[in-house]
Ligand code: HEM
Ligand SMILES: N[C@@H](CC(=O)c1ccccc1NC=O)C(=O)O
């Protein structure tokens, strides 16, 4: 007898498994981590949005570190795949704001006091991705002093070359005239733009057919920065919509702090070169 497509084949289903879906994915601990402090309906949404975002950032870090390692080994195709994935993940992070804005200012106000002084400002994964992409700000590590594990990890990332530093080293290996102080320096100090680096990108963009893989790498980085700014902008507008101009629980001015963050640029010459060409 044939089994209709829309029914399960009882004979074949593994009703008892060696390892189950829930075990493989560690679902019990994962789904036991949503613990609202208040009794307010919307607090679960607030927790889930943050947890989902942190999981996506975890994967972004995995992919971006992987891309950096491949670029260091002159292995560009796998790096392209990883950077494309980072950009797709960022689209998910940006989309998440649409779910969060269903929460009204009054809904949020009903449980905001329960958050105390906790804030996204203390997201160590977010700080790590900022450092990895090149926004080095040593002062911000201080928010993690009480957690040696996170403090140390961030210290390491601050003192390591960013993905952009690694790309400039690649350009130097390919014969571009990159100043020595961009190739070897104290990586914890914020990067400053240079005319020589812009000139190298100008050559790559003007003659993309000749330097196709470097052109492709540049555009992957621009995609990531573009999406990072879209995330920052959506965060800032969502915060304005929900708490107006109140101070942040993390102690900053709130929206005005987030507006200032929009001026940050990871790969400055990849933007300035467009005015030159
Ligand atoms: C109701 C929703 C939200 C509000 C009102 C809000 C508000 C704020 C404010 C005011 C700040 C500035 C720091 C402070 O003084 O607290 C901040 C920073 C931050 N928030 Fe949010 N936020 C919200 C949702 C989110 C979500 C969903 C994420 C996702 C992970 C997030 C991640 C961050 C990060 C990473 C920072 C640090 C940004 C930086 O230092 O450049 N926030 N948030
Ligand atoms: N800074 C927010 C609080 C906040 O958003 C928050 C609090 C605890 C855990 C994550 C948070 N999200 C992002 O900043 C506020 O001032 O309302």
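A Cβ is built for glycine as well, from the same backbone N, Cα and C atoms used for every other residue.
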Further binder of substrate named by TrEMBL next to 46, 47, 48, 49, 50, 108, 112, taken from the candidates 7, 192, 249, 252: 249
List, in residue order, those binding-site residues out of 46, 235, 249 with a Cβ under 6 Å from any atom belonging to ligand 2. 249
Between the binding-site residues 50, 112, 235, where is the Cβ count within 10 Å the lowest? 50
All-chain count of other Cβ atoms within 10 Å of residue 48 (substrate binding site): 15
